[in-house]
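**Student:** Dropping a structure here in C-alpha cells format, bear with me for questions.
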Amino acid sequence: MAAAGGPGGGVDSPVATAGNRQLKYISLAVLVVQNASLILSIRYVRTLPGDRFFATTAVVMAEILKGITCLLLIFIQKQGNLRQFGASLYDSILVQYMDTLKLAVPSLIYTLQNNLQYVAISNLPAATFQVTYQLKILTTAVFSVLMLRKSLSRLQWLSLLLLFAGVAIVQVEQQQGGGKPAHKGQGTQQSYMVGLVAVVVSCLSSGFAGVYFEKILKGSTASVWLRNVQLGIFGTLLGLLGLWSTEGAAVAQHGFFFGYTPLVWGVILNQAFGGLLVAVVVKYADNILKGFATSFSIVVSTVASIYLFDFHLNLLFALGAGLVIGAVYLYSLPKGPLSSRSLVGAAIQQQGHGAQSKELPSVTTDGFLSKNSKLDGRRRWRLVRRLLPAEVTQVKLLLQGNSAS
C-alpha cells in the first residue's frame with residue numbers, strides 16, 4: 001500500500017541474474033499474502049464496535065516505523081560504524097538535497113493514497129475493494145507507456161480491457177445488493193459511493209506515483225533503504241499535515257493513540273512491512289507485475305470474507321472476479337520467442353560488449369535468456385546453428401558461460 005524505494009543499481013541488466021530472478025518471484029508471492037491480510041485486517045478493525053482509531057494517525061505511524069526500520073538496516077550495512085552511518089545520511093539527504101526533493105512528489109501522492117484506502121475499506125466489503133482496486137493495474141500500465149516508454153503486446157492490452165470489464169461487473173453486482181457484509185459495528189455508517197470514489201482516486205494516484213517512483217529507482221544507484229528514508233521524511237511530514245487539517249481537533253481532544261488496540265498495531269506493522277516489500281518488487285520486477293501479483297490476493301480475500309464477514313458470493317461477483325483473475329493469467333503469458341540472433345544479442349549485452357551490430361538486434365530488459373534459462377545446452381545450440389559461422393565463433397563461450405550461471 002505504501003510506496004518504497006528499490007535497492008541500489010542503475011537500469012537492470014538485459015539478462016537478469018539467477019539471484020535477482022529468485023528474489024523477484026519470492027517477493028511477488030509474499031506480496032500476495034501481505035496484501036490480502038492487510039485488506040482483511042483493516043476491514044476487520046474498522047468495522048468492530050467501539051471506539052475507532054484515527055486513520056490519519058495510523059498512516060503517520062506506518063511511515064515512522066518504516067523509516068526507523070530502514071535506518072537500522074542502513075546502520076547494519078555500515079557495520080555499526082556511527083561515523084560512516086551519519087556521513088552517509090548527511091551526504092545522501094542534505095548535500096544531495098535535489099535528489100531528495102525528487103521523492104516529495106511520490107511521497108505526497110502515496111500519503112494521499114494510504115488515507116484514501118482507509119476510507120475505501122471502511123465503506124466497501126473487503127472482496128469488493130480488492131477487485132475494484134485492481135484498476136490501478138490499468139492506470140499503471142497507461143502511465144508506464146507514457147512515462148517509461150514501455151511497450152505492451154496486444155494480448156496485454158486485451159488483458160487490461162478484461163480487467164476493466166471484470167471490475168465493472170463487480171460494481172453492477174454491488175449496486176444490485178450483492179456481497180452484504182456483516183460486522184457493521186455499532187454506530188458505524190458506511191457509504192458505498194464514498195468508498196467507490198475513494199478507491200478510484202486511489203487507483204489513479206497509485207498508477208502515477210508508482211511509475212514515477214520506478215523511474216527514479218531504476219535510474220539511480222541509491223539503495224532501497226535510503227530511498228525509503230527519503231520517502232519517510234516527506235511521508236511523515238505530509239501525514240502530520242493531513243492529520244492536522246482533517247482530524248486535528250479530534251486528535252487533540254482524544255489523543256493520538258485513541259482507539260489503538262493490539263489489532264490496530266498489527267495493521268500498522270503490516271502496512272509498514274508492505275511498504276518495504278513493495279520496494280523490492282518494484283526494483284526487481286516492475287509496477288505492472290506488482291499490480292498483477294496483488295490481484296491473486298482477491299481469491300484469498302474473497303474466501304476469507306465469506307467466513308469472517310458473512311460475504312455473500314453470487315454468480316455475478318464470481319464472473320467479475322473471474323475476469324480479473326483471467327486477465328492476470330493472460331498478462332503473465334510470455335511474449336513470442338525471440339530469434340536466435342536476439343538470443344545472441346542478449347548474451348553479448350550481458351557480457352558488456354557495448355553496441356550491437358545490425359545483425360544482433362537489441363532485446364527487451366526481460367531478455368530471452370532470463371525467460372528461457374532452463375533450456376538445456378542441446379536446445380540452445382539448435383538455435384545457435386542458424387547463425388553464420390562467424391557469429392557462432394563469436395558467442396560460443398558467452399552462451400556457455402550463461403548456461404553455467
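Just so it is clear, glycine is given a Cβ too, placed from its N, Cα and C backbone atoms.
Grabbed the feature section from TrEMBL, which reads as follows:
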{"type": "TRANSMEM", "residues": "53-76", "note": "transmembrane segment"}
{"type": "TRANSMEM", "residues": "155-172", "note": "transmembrane segment"}
{"type": "TRANSMEM", "residues": "192-213", "note": "transmembrane segment"}
{"type": "TRANSMEM", "residues": "225-245", "note": "transmembrane segment"}
{"type": "TRANSMEM", "residues": "257-282", "note": "transmembrane segment"}
{"type": "TRANSMEM", "residues": "289-309", "note": "transmembrane segment"}
{"type": "TRANSMEM", "residues": "315-333", "note": "transmembrane segment"}
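Could you give the neighbours, burial and distances for every feature on this list?
**Tutor:** Within its own chain, the transmembrane segment (53-76) has Cβ neighbours under 8 Å at 2, 4, 45-46, 85, 88-89, 111, 114-115, 118-119, 122, 223, 225-226, 228-229, 231-233, 235-236, 239-240, 242-243, 246-247, 250-251, 256-261, 264, 267-269, 271-272, 275-276, counting only residues six or more beyond its boundaries.
Residues 128, 131-132, 134-135, 137-138, 141, 196, 316-317, 319-324, 326-328, 330-331, 333 of the same chain lie 6+ residues outside the transmembrane segment (155-172) yet bring a C-beta within less than 8 angstroms of a C-beta in it.
Proximity of distant same-chain residues to the transmembrane segment (192-213), defined by a Cβ-Cβ separation under 8 Å and at least 6 residues beyond the stretch ends, is recorded for 3, 5, 105-106, 109-110, 112-113, 116-117, 119-124, 129, 132-133, 135-136, 138-144, 147-148, 171, 174, 282, 287, 290.
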